[in-house]
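As recorded in Swiss-Prot, the features of this protein are as follows:
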- 1-14: signal peptide (SIGNAL)
- Cys36-Cys114: disulfide bond (DISULFID)
- Ser47: site 'Transition state stabilizer' (SITE)
- Cys62-Cys75: disulfide bond (DISULFID)
- Ser125: active site, nucleophile (ACT_SITE)
- Gln126: site 'Transition state stabilizer' (SITE)
- Cys176-Cys183: disulfide bond (DISULFID)
- Asp180: active site (ACT_SITE)
- His193: active site, proton donor/acceptor (ACT_SITE)
Amino acid sequence: MKFALLALAAVALASPVTLDERQIAIPENELRTGPCEPITFIFARASTEPGLLGISTGPGVCNGLKLARPFKVACQGVGPAYTADLASNFLPQGTTQVAIDEATDLFKLAASKCPDTQIVAGGYSQGTAVMHGAIRNLPDNVKNLIRGVVLFGDTRNKQDGGRIPNFPTDRTKIYCALGDLVCEGTLVITAAHFTYTVNVPGAVAFLLSKL
């Protein structure tokens, strides 16, 4: 069954996510406010998700990384300039330039504040557009620090040829569920768009394999 895009807010908050996956209390601003860690995870949440990491794939991947590498991971969500509002999905880049700039600044902050860190990143839904827009234009010295990127329900998948432009495909993992039409270049939201928590363990394993 297809849902109108404007129904995304209600459905997103009702999507099936367990309490453990939500990790509501998990830190999400550690790059800005905490010490440097060997691994820095930067994530852009889906439209309507609260906080900086959201309540689904973002905290799930963050928690998975922290469990695998205790006391070695800093998690950072994109925001508050990135508001994850619905209307921004209709813009030419699939999000706002303000959001892209904020993500760009976070990657640059990780590189300048923590030059020895290994960066991994991700995005879900509109957050994938944020990552496409930011990573493609990063200077090489920053881009080279990004070891892996995971994208869930990629709204730029078709437009950008199944990859992040100007970034190695072997460091990118795009998850597009069967029947998720946003991966086909539309903004038609189906139930498949809310199934990506099942891909969190695989995404964590992919990122760890790149470190």
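Note: Cβ is positioned from N, Cα and C throughout, glycine not excepted.
Separating the Cα atoms of Cys62 (disulfide bond) and Ser125 (active site, nucleophile) is a whole-number distance of 17 Å. Long-range neighbours of Cys114 (disulfide bond) (same chain, six or more residues apart, CB within less than 8 Å of its CB): Leu31, Cys36, Glu37, Thr40, Ala74. Take the Cα of Cys176 (disulfide bond) and measure to each of the recorded positions Ser47, Cys75, Ser125, Gln126: the nearest one is Ser125. Around Gln126 (site 'Transition state stabilizer'), the C-beta neighbours below 8 angstroms that are at least 6 residues distant in the chain are Ala44, Ala46, Ser47, Ala84, Ser88, Asn89, Gly94, Thr95, Thr155. The secondary structure of Cys62 (disulfide bond), as reduced to three states from DSSP, is helical.
The Cβ of Cys36 has fewer other Cβ atoms within 10 Å than any other of the disulfide-bonded residues Cys36, Cys62, Cys75, Cys176, Cys183. DSSP gives Cys183 (disulfide bond) a helix state.
The residue listed as 'active site, nucleophile' sits 19 Å from Cys75 (disulfide bond), counting Cα to Cα.
Among the recorded positions Asp180, Cys183, His193, the residue whose Cα lies closest in space to that of Cys75 (disulfide bond) is His193.
The Cβ neighbour count for His193 (active site, proton donor/acceptor), using a 10 Å radius over every protein chain in view, is 26.
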